[in-house]
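Inspection log for the structure reproduced underneath, given as structure tokens.
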Amino acid sequence: MDAFVLQLLNGLDKGGAYALIALGLTLVFGTLGVVNFAHGALFMLGAFCAVTMQKLLTLSVKVKDPGVTFFDAYKEIPYLEVWFGDTGKAVIDYAVPLSILLAIPVMLLIGLVMERGLIRFFYKRSHAEQILVTFGLAIVLQEIVKTAFGANPIPTGAPDAVAGSAAIGEWLGLGAAVVYPWWRLIYLAFSLAIIAGVFSFLQFTTYGMVVRAGMQDRETVGLLGINIQRRFTVVFGVAAVVAGLAGVMYTPILPPDYHMGMEFLVLSFVVVVVGGMGSLPGAVFAGFLLGVLQSFASMTQVKDILPGIDQIIIYLVAVVILLVRPRGLMGRRGVMES
Amino acid sequence: MNSNFLRNDMVLMAVFTLVVLTMPIWLAPIGAGYPDLLQKIAIYGIFAIGFNILFGLTGYLSFGHAAFLGVGSYAAVWTFKLFSMNVVPAILFGVIVAGLFALFIGYVSLRRSGIYFSILTLAFAQMSYNLAYSVLTPITNGETGLQLSQGDARVLDHALGIAQSGLPTPSFFGMEILGWSGFYVCAVALIIAFFFALRIFRSPFGMALKAIKSNQNRMNYTGFNTRPYTLAAFVVSGMYAGLAGSLLAVTDPLAGAERMQWTASGEVVLMTILGGAGTLLGPLLGAGIIKYFENIFSAYNERVLHDVFSGLPNGLEQIVVSFTSLFVGEGWQLTLGMLFMLVVIFLPGGVMEGFRRLTKLFRRDGPQSPAGAAQPAE
Amino acid sequence: MKDLTTSVNRRSLLKATAASGLVLATPTIFSRGAWAQNFANDPTNKSSVTLGFNVPQTGAYADEGADELRAYQLAVKHLNGEGDGGMLQTMKPLALKGNGVLGKKVEYVTGDTQTKSDAARSSAKRMVEKDGAIMITGGSSSGVAVAVQSLCQEMGIIFMAGLTHSNDTTGKDKRKYGFRHFFNAYMSGAALGPVLKEEMGTDRRAYHLTADYTWGWTQEESIKNTTEALGWETVATVRTPLGAGDFSQYITPVLNSGADVLILNHYGKDMVNSLTQAVQFGLKDKMVNGKKFEIIVPLFSRLMAQGAGDAIKGILGTTNWNWSLQDAASQAFVKSFGQEYGFPPSQAAHTCYVQTLLYADACERAGTFYPCEVIKALEDFEFDGMGNGPTLYRGADHQCFKSVLVVRGNENPSSQFDLLKVVKEVPAEAVTYDPTIFGGELGTCG
């Protein structure tokens, strides 16, 4: 039972990340009809917003280490700490949550520039060409980050207050041994909140309703004299922000490096397709489903029966679902089928 | 009209053969005239040409073709280990096994179309890769890759009394496949593969495939069962991949799992689109460009750059070298990424489109260049 | 352009000569004089000798590769008599004179392995076929090292391995033409054993998380043998997919397994991630069976410690070399490297630098670049003054035997580079083993 609860939480947590990335991807598919291979790079850029924020906050006085003579080794004391003492320390400690404030405008800007500067010229081009150009863009973004920050992962910790574990075992009456890191619980809650936010934006605002209408039938909406194009550009910006925030909040779990986007790229495509093209709830549901299944497949009890199952579970599930349900879990007929 | 086409194709084949066989000479000035790179260009050229038979003609975008390449490699190395160092059975076996594997995956995946098909092929390939890397290590030798060893059975060689001291080298009836001879084996294979692709493009079968691409539904409505055609195209392109994979093993008898990773599948997609999907020569060009970047651009280091720019005044040289070094050596992928973007932004239809525009410029009303005969993807 | 053709397997020279008449195609302009040499890329008639530095420049190990390249460039400088000479001042015995190797200036070419066997072999072939390299060195993973090593065996080119820690490199997959200075998983285990006993006692229950590929397995086996010899119980050994990213599903079962030690057989990014996440799950501060829970990372490096940040503090592991060592040789190397680049070298940089010097010195002692003679000069060569104390290049498996460092993540670093604290320098005798235990055959030369 303990193991079950823990693996469920692991799965939901992973699923939260998958769902957030897939959500943006499927939004862009659904609105602009563009296969965006640079979406993983947006996730990565979000994570590097957190890195940048941390670097800014820890700009330091450098005290040279007298024991080292052949090069400059120094102990770094952040200015914030020098000037503001414990208050400064606390601010630095909250670098990751604070970088949300940085990530929202930055990612929105990146999204808008990307859409206006490049993506819009590719609406009518073949999917193959969209793949080539966005893949090229992803490589370029990645290499720029590598030049600036190096290839090594960069540690970005969660605030001390939530660095420990929550005693969920006691809450649920399972005993004290069942604990779960606070930050992962926060990540789960955060991803649910963002998903809810995106859905209510599309569901309950007039703006969102027009966007949804445009997803269904772009031409008719256009004929009604609505500038659907501009709204779709905004949607691309929103998708970038969602991917970016997913990246920011993931940094304490996965120390970011320039290549992390590529690793999530394939996975997020699988999630989107399993969910069904053009379906937002499908993408979210598939994200959580695959996350949870991946966690359970990694349990030793399962691996003893099916060796190596944790290596392939995601793809196996994808194959089975796509063969049973032609358009994924909730896909619409005719979207990206040819 | 028809005989005209034929004559054009014969000219094309003759020119193609000549150009491929003389690659060591005309590629030398740009630093690509050495066996390994030329082998790689020929092999990945075969891979991309085969991929294009599926993608360029039918529009089905497979994201898992590297699995067939990998399976072909494993099959070829196992043939070397178990039967004979002769390359003929290795190639045959590699092609057949890859074809069977493609038949299975194609049969399942072709039940879906569009992106659903792409993800199905991707999923199969990733499963193959992950398993080959870990659980299947007894068959694949995992991370280290499948290699020859002195203790291998090699039943046929032993029966025929062909013994070798030390690690054996693949051979073509006594001729060892090393360096240049390796290239010529690949070159001949490339020419044959290209010839078959040309025949497929021109055949009624190829026409049917193109029709499927332009509108599969309409084909189905007319009572034309498209599935056998797409499956045949899938298997043929899988066999091309198997050929490429076994040639990789022939020129260098080692087979590693990473050949099946999604990045490898992605690479052949990029090669094809970069060169020009649906064109005959495009995929080969794309393969050449990407392999050239990977091997030559990555080899420039600051010392080489200093030599290149030594004519410049001192301060300027330093600036130029530091700037250029961002794009070569460890930055070679940046250049490749920018190239992808530039080509697709300015030349929809890939590099072949560039050639077409050039020819158009020179001969306003002349016939189209035969190589660019087909239309770009989708 | 003459060098283009020298991709010849020395074993098949005669056959190839016969065949080349037959091969329709080898254009004569490329083969002129090619078969007249008796080994690949013989530099006898040239004023310089070319070495091939094959390192990861892209992918997860790009930073490590960049550091390796810096070390190589430094080594070339020192060999050619430029700079302050680095370890040439401390190496004993020393045949090199600081005028290149055998009077020839040392040149080099570089390439990107991408940490992929295929790419690494392509790159090595280019260096040999096109650039005329006479020796290949570098790399940052065992899969690549083994792949390139066997290629070099086929081509008759000496391979001086860079960072590779698997027992296989000089065990099951050893080759006559391949040499490794870096230590291996067996040595990590042997060195850790006494320290673990001292710090954690003999009554412990260990849980292994192991990267699911050959290097991970050999390390798991070596460490398991060591800890079980101490009397520890192995609770479970769980394999994790390479590049899993999030390891939470493998870490939570540890919580209630009754284990009180977690051993992470991961390297590079996998290690950074799994360690960060294990610490996040509170494993570092946990009490189990009345004992403090411990995490061990048998192999780590300063670059990885940097990536793991605070998580590495207090964690035990082993390393081949660390810049904080105070012996004259290490200091000489740190000085040259630090003054050249402004920061200290990594263990990867150290092993690559040493390998280059060792190769060059062997050529000088052999009096020729002919690989078989150079191999003889390297085999059973005993030296000192390279930062690891007295060292033996054992002829039976081409593995260096030298002291191994047991290190701990520094709790209170005095600078941004002061991440590892040396707990113990385990002498070579304690980590030496019988070369036959891993099987494999070197093969022959010539």
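Note that Cβ sites are derived from N, Cα and C of the backbone, with glycine treated the same way.
Positions annotated as transmembrane segment by TrEMBL: A:15-35 (among others). Counting same-chain residues at least six beyond the ends of the transmembrane segment (A:15-35), those with a Cβ under 8 angstroms from any Cβ of the stretch are 42-43, 115, 119, 122-123, 127, 130-131, 134, 187-188, 190-192, 194-195, 198, 211, 214-215, 232, 235-236, 238-240, 242-243, 245-246, 250, 264, 267-269, 271-272, 275, 277-280, 282-284, 286-292, 335-336.
The transmembrane segment annotation in TrEMBL covers A:42-61 (among others).
According to TrEMBL, the transmembrane segment annotation covers A:94-114 (among others).
Listed as Cβ neighbours of the transmembrane segment (A:126-145) (distance under 8 Å, sequence separation of 6 or more from its ends, same chain) are residues 34-41, 44-45, 48, 114, 118-119, 258-259, 261-262, 265, 336. If you look up TrEMBL, you'll see A:126-145 (among others) marked as transmembrane segment.
If you look up TrEMBL, you'll see A:185-211 (among others) marked as transmembrane segment.
Taken from TrEMBL, the feature transmembrane segment covers A:232-253 (among others).
Taken from TrEMBL, the feature transmembrane segment covers A:265-293 (among others).
Taken from TrEMBL, the feature transmembrane segment applies to A:305-324 (among others).
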Contact between the transmembrane segment (A:94-114) and the transmembrane segment (A:305-324) (at least 3 Cβ pairs under 8 Å, separation 6+): no
Proximity of the transmembrane segment (A:42-61) to the transmembrane segment (A:305-324), 3+ C-beta pairs under 8 angstroms: no
Within-chain partners of the transmembrane segment (A:232-253) [C-beta distance under 8 Å, separation at least 6 from its ends]: 17, 20-21, 23-25, 27-28, 31-32, 39, 42-51, 96, 99-100, 103-104, 106-108, 110-112, 114-116, 119-120, 156-158, 183-184, 186-187, 190-191, 194, 198, 201, 211, 214, 260
